[in-house]
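K.L.:
Just passing along the structure, written as structure tokens.
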């Protein structure tokens, strides 16, 4: 190392963990209790822990495999080198589909929300104008690099945590253990609904697009990146557990079919909890939370898409090259949202299926291939990669059965 490199302080693990947590924890977390009502708390807790461990392991496996390549090498480089061109093409299409569809979805869904907020503030902005403003702001941060993303993410995550505790912290003191365990209730079995929970738990820990950016941010220091992954996903797990405990510990299982009938969204859940919530300006604070959640997840998803395109095209790291990559990252989704605001919403349902491929199965395969090719002395063998791939196969099975309407639906 040069003296200059040694003199430069390494970025804190905290910044990387904030990127992971900010990307993972979005407004979608509010629907978890509704989705998990059939399996209820015990089975949901088990599946959530297994999903967290599996998704963390798959990320660490990708990280380990990337250690044999130059810092900043992404999915396309690793997949092409270790699994071949066909796998690289399939994996690349999966990443573009998932992250591109999510980028489109964030722009389309957030446009009306931000238009309403800007209009309420006295700024006459159209729906299309709100989408353009939001996209340009996020694109500017992503163009600046991982450091800028980490700072904005930290602000958003801390704001979300403050709002979450302010809104629902009081429910924690009202949690009833018999309600949480559904003790004494005779409303059917739990395990038949467990498989249907899996895809939602997988989606709740999707951060793998951000690993390449973190590797570059920490200059290839694998220990720093792995600590950021562990801390970021662990923080996300704690937030999810807090939300499940305060909702399932206050609202009995028998009440959830009514929540589903009322729409199954956060508004229906809050209506069911209204007698226990004693918070002023509830609607305003929920709107603030949604804003921060959208910005954080939007940043995380597009940063991952940016890194994949940059790795695939290898245009360089100059400001002009990053500007070209930013245009390819944001303009197609923005154009699609402006021309067809509801045209691709049906495709979002398939995002979880394709995410299973590139976020679960491919990292395990990359790890196994890297071990074999580079004769890694400190590898963990095939057992953990096989377990991770088994988790992926179960998710594909669950998604397929759900798509075919073959999974039971909890109706009380």
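Please read every residue number as a count from 1 along the shown chain.
Placed from the backbone N, Cα and C atoms, the Cβ positions cover glycine too.
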K.L.:
Ranges 319-343, 344-368: which does TrEMBL label transmembrane segment?
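P.N.:
My reading of TrEMBL: the transmembrane segment range is 344-368.
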K.L.:
Test the contact criterion for the transmembrane segment (40-63) and the transmembrane segment (228-248): 3 or more CB pairs under 8 Å, pairs 6 or more apart in sequence, then answer yes or no.
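P.N.:
These two stretches do touch.
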K.L.:
Looking at 157-177, 228-248, 254-273, 285-306, which one has the highest count of Cβ pairs under 8 angstroms to the transmembrane segment (87-107)?
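P.N.:
Looking at each of 157-177, 228-248, 254-273, 285-306 in turn, the most contacts to the transmembrane segment (87-107) are made by 285-306.
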K.L.:
Run the contact check on the transmembrane segment (189-207) against the transmembrane segment (380-404): 3 or more C-beta pairs under 8 Å, excluding pairs closer than 6 in sequence.
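P.N.:
In this chain the transmembrane segment (189-207) contacts the transmembrane segment (380-404) - 3 or more Cβ pairs sit under 8 Å.
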K.L.:
Out of 12-34, 157-177, 228-248, 254-273, which stretch touches the transmembrane segment (285-306) the most, going by CB pairs under 8 Å?
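P.N.:
It is 12-34, which has the most Cβ pairs under 8 Å.
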K.L.:
Grab the same-chain neighbours of the transmembrane segment (254-273) for me: Cβ-Cβ under 8 Å, and only residues 6 or more beyond its ends, written as numbers and ranges.
P.N.:
27, 30-31, 33-34, 37, 171, 185, 187, 247, 282, 286, 410-412
